[in-house]
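Below is one structure, written out as structure tokens; the observations come after it.
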Amino acid sequence: MKLYNTLTKKKEEFVPLQEGKVTMYVCGPTVYNFIHIGNARPMIVFDTVRRYMEYKGYEVNFVSNFTDVDDKIIKKSIEEGVSAEEVSERYIKECKKDMADMNVKPATTHPQATQEIDGMIAMIETLMEKGYAYDVNGTVYFRTRKFEEYGKLSHKNLDDLRSGNRSLLVSGEDQKEDPMDFVLWKPKKEGEPFWVSPWGEGRPGWHIECSVMAKKYLGEEIDIHAGGEDLIFPHHENEIAQSECCNGKTFAHYWLHNGFLNIDNRKMSKSLGNFFTVREIGEQYDLQVLRFFMLSAHYRSPINFSREIMESSKNALERIVTAVSNLTHLAQEAAVDVLSDAEEKLLAEIPVYRKKLEDAMDDDLNTADAISAIFELVKFANTNANDASSGAFVTALKKEIVALSDVLGLQVEKKEENLDAEIEKMIEERQAARKARDFKRADEIRDELLAQGIILEDTREGVKWKRA
Ligand SMILES: [Zn+2]
């Protein structure tokens, strides 16, 4: 599998540090509100990287943080008259709900910054001991000039940045030795959450959080670090500086970044009034449509969100869902179950589509081409499956479409069908309970189903059910 590495500006063959295992860190959101669709892009894209790695047989340790101490959280808590913790806990819960609706798998670990302060203090102490950090009146800065490789990720000309930054220096920042130095620890302001440190009461800077959480949950040297391209500089550049100077090892071997998301061809911003939360989109569309939209472009390309494109994404996804639904119906109605010779020959052709999907995904996660492969398979199914098809044939086609869509995390079986499967499972459980003479449990299940509007009929051919 090839991945484009921001560090080397090249597509490189992915070779993990440890055979069969992947360690991956993705910068998570600051939890002061519902997540917006700009947050959703890295979540969906890097969940797809993870799913594909797992599909290839890797065991993936996937860590994504929640930044739960930040100026915006503090501002919101003051506005609402509640604690910062209450604000962040609320939006972590809401974020997890949105993630589930987008079919983004929960991380192996979702660390929270406020629970990792000891680790941050320890890392800052090491950096001070090694001469990479200095304290000015309770503010601790990272000494960028001492790290010769500073700038290697963003490929920026640091001297240009230095002179640019120097003219922008705001008062109070002139205590820094160098305009590029950044904050590791800042002193508390009245009414803010704070922790006790060797440099006084205060709180950590944002960049140190990720270095510490990646180290604690994944190790000093990791395979993949990912996030939006807006994080390359300064956030990821600073993470590299902190981690590599503290640990003396290469921090992350592959740096992956997704492109920007625009709204109606403009940058998303609250002031332009084109700011959408995932929750708002979810009120109008199944969030599978949002996932489909995000994956229909290459993850490194900029992507434009608009009403029209959501409508066309909805229609495109619907074509897959309809094909699956038709195949389900054909399987139920099939007169014969056994494959004919002609069907067997046709089924021998379908591995071609899986191969196409894998080739696309192996080429730096080309999800757009992977989706095209699914559409080719859908077309193949629509052309070759009909009333005369055997049950085995249509079921095999359906399974393959569902499986290929699942590689991308796209759910293409109708919710009602999933529901049907659940009902069947409960009926089986009831049968088992009756067999075991546990009539109380059997009656309970019947009542539970009845409450959902499902009526059971015990017939000579077994249990049948219908919706009331
Ligand atoms: Zn980060």
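Each residue, glycine too, has its Cβ placed from N, Cα and C.
Residues annotated as Zn(2+) binding site in TrEMBL: C27, C210, H235, E239. Around the Cβ of H235 (Zn(2+) binding site), 18 further Cβ atoms fall within 10 Å across all displayed protein chains.
Among the features that TrEMBL reports, ATP binding site is placed at K270. When secondary structure is read from DSSP and collapsed to three states, K270 (ATP binding site) falls in the coil class.
For the domain 'Cysteinyl-tRNA synthetase class Ia DALR' (356-419), the model's pLDDT averages out at 95. Residues or ranges marked as domain 'Cysteinyl-tRNA synthetase class Ia DALR' by TrEMBL: 356-419.
Same-chain residues lying 6+ beyond the ends of the motif ''HIGH' region' (29-39) with a Cβ under 8 Å from its Cβ atoms: 66-68, 70, 72-73, 75-76, 87-88, 91-92, 94-95, 98, 228, 261, 263, 268, 275-279, 281, 290, 305. Positions annotated as motif ''HIGH' region' by TrEMBL: 29-39.
Per TrEMBL, motif ''KMSKS' region' is recorded for 267-271.
Fewest Cβ neighbours within 10 Å among the binding-site residues C210, E239, K270: that distinction goes to K270.
Remote same-chain partners of the motif ''KMSKS' region' (267-271), defined as residues 6 or more beyond its termini with a Cβ less than 8 Å from a stretch Cβ, comprise 36-38, 260-261, 305.
Each residue contributes its Cα atom, and for E239 (Zn(2+) binding site) and K270 (ATP binding site) those atoms are 28 Å apart. Taking the mean position of the Cβ atoms of C27, C210, H235, E239 as the Zn(2+) site, the remaining same-chain residues with a Cβ inside 8 Å of that point are W206, H207, E209, S211, H225, G227, L231, H236, N238. Listed in sequence order, the residues of the same chain lying 6 or more apart from C27 (Zn(2+) binding site) and placing their CB within less than 8 Å of its CB are P42, S64, N65, C210, A226, G227, G228, L231, H235, H236. The secondary structure of C27 (Zn(2+) binding site), as reduced to three states from DSSP, is coil rather than helix or strand.
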